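Colleague: The following block contains the structure, expressed as structure tokens.
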Amino acid sequence: MKYKRIVFKVGTSSLTNEDGSLSRSKVKDITQQLAMLHEAGHELILVSSGAIAAGFGALGFKKRPTKIADKQASAAVGQGLLLEEYTTNLLLRQIVSAQILLTQDDFVDKRRYKNAHQALSVLLNRGAIPIINENDSVVIDELKVGDNDTLSAQVAAMVQADLLVFLTDVDGLYTGNPNSDPRAKRLERIETINREIIDMAGGAGSSNGTGGMLTKIKAATIATESGVPVYICSSLKSDSMIEAAEETEDGSYFVAQEKGLRTQKQWLAFYAQSQGSIWVDKGAAEALSQYGKSLLLSGIVEAEGVFSYGDIVTVFDKESGKSLGKGRVQFGASALEDMLRSQKAKGVLIYRDDWISITPEIQLLFTEF
């Protein structure tokens with residue numbers, strides 16, 4: 001079995017009727033495929049949108065609401081209804097499911113990140129299928145485009161999945177918008193996610209949910225940089241999930257980095273909040289980015305910000321202004337300032353094990369398009 005542990009992300013458009021309401025037949029089809037894969041020995045996680053779609057009708061809205069408060073209220077009602085649909089269908093096959101609601105804070109806070117990882121590991125080891133969604137009833141910023149796309153990639157990276165599958169109404173990444181450009185061709189295999197790929201993604205995608213192709217590609221960067229390959233395919237086939245697991249479904253496959261980031265490095269790269277900035281000279285910049293060395297105090301030109309021992313800072317090349325990466329400091333700002341002022345600073349500010357270099361691919365995640 002090539003892909004033992006698989007994370008599936010199902011978008012709103014793959015779960016709803018034409019009027020935007022939840023399609024119980026589509027949910028049933030998804031759970032049947034999950035059951036078949038589970039019985040075949042796969043470990044599965046489902047990141048599911050659809051809470052708003054499941055709840056807005058029950059609150060008397062005639063169509064999917066657009067105001068944040070109305071969305072949150074609909075999600076609060078719909079989350080339970082959606083989970084009930086999944087749970088009922090899976091129990092018919094004697095499969096236990098578990099609801100997990102996450103927010104970005106669960107990834108930013110290292111303690112909560114570790115707790116979430118441990119809970120998911122126990123569930124998978126006990127044969128349950130975790131069903132995950134953004135906690136839409138309490139968050140605001142996370143309701144923006146791409147919430148569950150990014151969430152699924154973060155979860156896949158956290159549990160070191162063997163594959164992340166995006167099920168959507170577009171069967172992969174195209175060179176243009178396939179709905180308006182007859183010359184658009186699907187890319188079947190993407191080795192590296194670069195600016196060209198990002199530009200292609202900006203012109204294609206679904207308009208029904210809160211996710212689009214661009215957010216899926218940026219989410220795929222998180223997964224592939226963490227060693228998890230990604231597959232984007234259509235959910236329109238009745239056996240699309242099974243075909244994706246067997247690599248027989250038409251779609252776009254994103255190759256994972258051979259040496260993916262492990263949990264500690266993932267946290268540093270994608271979630272750790274920087275508390276200050278450090279500028280270094282040319283020699284220190286080369287030592288960090290080219291030779292995998294620790295950051296010595298002797299290479300620091302200046303520091304900015306209020307940070308303490310153990311905090312995360314961003315390091316810049318003073319000459320070029322380029323961001324080199326992030327790391328955990330061994331000294332607070334005040335102590336560092338005193339040592340730099342003495343002009344005889346010796347020792348290490350950031351050890352290599354507490355450092356992550358920002359690659360061009362990772363940098364794209366923090367670029368507005």
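Every residue, even glycine, has its Cβ placed from backbone N, Cα and C.
Okay, so Swiss-Prot annotates it like this:
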BINDING   K9, T168, D169, T210, G211, G212, M213, L214, T215, K216  ATP binding site
BINDING   S49, D136, N148  substrate binding site
DOMAIN    275-355  domain 'PUA'
Colleague: Once the DSSP letters are reduced so that anything not helix or strand counts as coil, what is M213 (ATP binding site)?
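Modeller: Assignment for M213 (ATP binding site) reads helix.
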Colleague: DSSP secondary structure for K9 (ATP binding site), reduced to helix/strand/coil, please.
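Modeller: Going by the DSSP assignment, K9 (ATP binding site) falls within a strand, counted as strand.
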Colleague: Determine the minimum-neighbour residue: among S49, N148, T215, listed as binding-site residues, which Cβ has the fewest other Cβ atoms within 10 angstroms?
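Modeller: Comparing Cβ neighbours within 10 Å for the binding-site residues S49, N148, T215, T215 has the fewest.
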Colleague: Tell me the Cβ neighbour count for M213 (ATP binding site), meaning other Cβ atoms within 10 Å of its Cβ, over all protein chains shown.
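Modeller: Around the Cβ of M213 (ATP binding site), 24 other Cβ atoms lie within 10 Å.
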Colleague: State the three-class DSSP label for S49 (substrate binding site), counting H, G and I as helix, E and B as strand, and everything else as coil.
Modeller: coil
Colleague: Quick check: in three-state DSSP terms, what is D169 (ATP binding site)?
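Modeller: Looking at the DSSP assignment, D169 (ATP binding site) belongs to neither helix nor strand, so coil.
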Colleague: If you count other Cβ atoms within 10 Å of each one's Cβ, which of the binding-site residues K9, D169 has the most?
Modeller: K9
Colleague: Suppose you look only at the domain 'PUA' (275-355); what would the mean pLDDT be?
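Modeller: The predicted confidence over the domain 'PUA' (275-355), as a mean pLDDT, is 94.
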Colleague: What is the separation, in Å, between the Cα atoms of T215 (ATP binding site) and N148 (substrate binding site)?
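Modeller: One finds 9 Å between the Cα atoms of these residues.
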Colleague: What does the DSSP secondary structure composition of the domain 'PUA' (275-355) look like, as residue counts for helix, strand and coil?
Modeller: 24 helix, 29 strand, 28 coil
